[in-house]
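Peer 1: Dropping the structure in here first, questions after.
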Amino acid sequence: MPGTRPERFAKAAASGADEIIIDLEDAVNPEDKERARDLALEGLRTTAAVVRINSVGTPWYEADLAALSGATGLRGVVLPKAESEDVIAHVVTALPPGIAILPLVESARGIQNASLIAAADGVTRLLFGNLDFALDSGITVRSDTEDELLYARSALVVASRAAGLPGPVDGPVPEINDDTLCSRRSVRALSLGFSGKLCIHPRQIPLVHQAFAPTAEEVAWATQVLVAVNGATEGAVKVDGKMIDRPVILRAENILARR
């Protein structure tokens, strides 16, 4: 949500989203940058949130970091246009310990350097800027499942896993009134290894939650697997005639962890 709209902060916090992001970047006009920063700092006193700062190289980047270094209620910082580990190192040193660092990868160079970005000290999770990435890469998305961006999404998932991070967070669906499309793309993101999805409107939040939550059938299967494993005394374990090995056990544990 724009930093210039402090009246929305508390409402966003009560929306059911896992995190709320106060935006100082794309949603704020250049002439309003300083005011948005001041309003964000004021809002953080009563509403804990993540803040998307302006990207490195802009006139507001250093001032954003300096202001947030002592902010109350700051849970994390989204670093837009993340393309190198050097910038991340600077952000980490500028902020107090314990602040989540969330690089937003949204360019061809960022995808190329995804492994370095994910492995940088202080990084908590990667975010995918699907809209800006498509623009930067000259990609025209025509499919509902955004198959044109499959390589970039897979690169972020692999980089996150290799660095020991949780699955990345997928970019938003701009068509805020198309619930079916939001649900379909959320399910697709989950199947690719993403752990969540950015929302740009409150109506998208329950759709994303539903897509990423395990189905009743998945929960029943996972429970059956773990009960069988925990009750086994020796030898191989079977469920529904299928052998249960370590990857199956881990999948069952992951399903129940998503509830």
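Every residue gets a Cβ built from N, Cα and C, even glycine.
These numbers come from a predicted model, not from an experiment.
Pasting the feature list from TrEMBL:
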DOMAIN    2-202  domain 'HpcH/HpaI aldolase/citrate lyase'
BINDING   Arg52, Glu106  substrate binding site
BINDING   Glu106, Asp132  Mg(2+) binding site
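Please go over these features one by one and say how buried each is and what sits next to it.
Peer 2: The number of other CB atoms found within 10 A of the CB of Glu106 (substrate binding site), across every protein chain shown, is 26.
In the three-state DSSP classification, Asp132 (Mg(2+) binding site) falls within a helix.
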Peer 1: Average the pLDDT scores across the domain 'HpcH/HpaI aldolase/citrate lyase' (2-202) and report the rounded value.
Peer 2: 97
Peer 1: Using DSSP and three states only, what is Arg52 (substrate binding site)?
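Peer 2: Its secondary structure by DSSP: strand.
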Peer 1: Counting other CB atoms within 10 A of each CB, which of the binding-site residues Arg52, Asp132 comes out lowest?
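Peer 2: Each of the binding-site residues Arg52, Asp132 was scored by Cβ atoms within 10 Å; lowest is Asp132.
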Peer 1: Take the C-alpha atoms of Asp132 (Mg(2+) binding site) and Arg52 (substrate binding site) and report the distance between them in angstrom, rounded.
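Peer 2: Given the Cα positions, Asp132 (Mg(2+) binding site) is 15 Å from Arg52 (substrate binding site).
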